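What follows is a short report on a single structure.
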Amino acid sequence: MNSLPEDMENALTGSQISHASLRDVHSINPTQLMARIESYEGRGKKSISDVRRTFCLFVTFDLLFVTLLWIIELNVNGGIENTLEKEVVHYDFYSSYFDIFLLAVFRFKVLILAYAVCRLRHWWAIALTTAVTSAFLLAKVILSKLFSQGAFGYVLPIISFILAWIETWFLDFKVLPQEAEEENRLLIVQDASERAALIPGGLSDGQFYSPPESEAGSEEAEEKQDTEKPLLEL
C-alpha cells in the first residue's frame with residue numbers, strides 16, 4: 001500500500017522535470033543566439049586572430065633581435081664596413097656570423113608567409129623552420145671556430161636556437177589550440193540556433209500546465225478512505 005503514494009509522487013516529479021526542460025528549451029532567445037553567432041563570425045572574419053597576431057609579432061622580434069646582435073658583432077670586430085665585407089663578400093662558414101642572420105631571415109619569411117599571409121592551420125611550416133635551424137646551428141657549433149671569437153660565438157647560436165623553439169612551442173600550444181576552440185564554440189552556437197529555429201515559438205506556458213502537488217496528509221487520508229470502504233460495505 002505504501003508503494004502507491006511513492007509511485008504517484010515519482011510520476012508528479014518526473015512530469016514537473018520534463019515540463020521544466022521544455023520551458024527551458026522554449027525560453028531560448030533566438031536574438032541572443034544570433035548575436036553570439038555574429039560575434040563569433042566577426043572573430044572568424046578578422047584578417048588574423050589575436051593569438052596569431054602575437055605569434056607573428058614574436059617572429060618579427062626574432063628577426064630584429066638577431067639582426068641587432070649581428071650588427072653589434074660587426075661593430076665590435078673592427079667596424080661595420082670592414083667586418084661586413086669580411087663576413088659577406090668573403091664568406092667563410094667557419095668564422096662568419098652572416099649565415100645565422102640569413103637563418104633568421106629564412107624563419108621570418110617562411111613563418112609570416114605560412115601563418116600570416118596563407119593563414120595555415122598546421123604545424124608543418126614551423127616544424128620545417130625549427131628542424132632546419134636546429135640542424136644548421138648544431139653543425140655550425142661543431143664544425144666552426146665561433147667559440148674562439150669571443151662572446152658572440154656563444155650568444156648568437158644560442159639565442160637563435162632558443163627563439164626558434166619558443167616559436168614552435170607558442171604555435172603548437174597556444175595558437176592552434178585556441179583557434180580550434182573558437183571554431184568549436186562557433187559550431188556549438190550555430191547548432192543551438194538551428195535547434196531553436198525548429199521549435200515553434202507560439203507555445204505558451206499554459207500548454208505545459210502541471211497540477212499542483214497535493215499534501216502528504218491528504219494523500220494518506222485518501223488512501224485510508226479507499227481501504228475502509230470495502231470494510232464498511234461488508
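Every residue, even glycine, has its Cβ placed from backbone N, Cα and C.
Just so you know, TrEMBL annotations never went through curation; they're auto-generated.
If you look up TrEMBL, you'll see 224-234 marked as compositional bias 'Basic and acidic residues'.
The annotation domain 'MENTAL' is assigned in TrEMBL to 48-218.
What TrEMBL records for 200-234 is region 'Disordered'.
Taken from TrEMBL, the feature transmembrane segment covers 55-76 (among others).
Beyond its flanks by at least six residues, the transmembrane segment (96-116) meets 48, 52, 55-56, 59-60, 62-63, 66-67, 70, 73, 86-88, 125-126, 128-129, 132-133, 136-137, 140, 146, 152, 156-157, 160, 164, 167, 171, 175 of its own chain at Cβ-Cβ distances under 8 Å. Taken from TrEMBL, the feature transmembrane segment applies to 96-116 (among others).
Positions annotated as transmembrane segment by TrEMBL: 123-143 (among others). Long-range Cβ contacts of the transmembrane segment (123-143) within its own chain (Cβ-Cβ under 8 Å, at least 6 residues beyond either end) map to 93-94, 99-100, 103, 106-107, 110-111, 114-115, 157, 160-161, 164-165, 167-168, 171-172, 176.
Outside the transmembrane segment (149-166) by six or more residues, the chain places 58, 62, 65-66, 69-70, 72-73, 76-77, 95, 97, 100, 103-104, 107, 129-130, 133-134, 137, 140-141 with a CB less than 8 A from a CB of the stretch. Marked as transmembrane segment by TrEMBL: 149-166 (among others).
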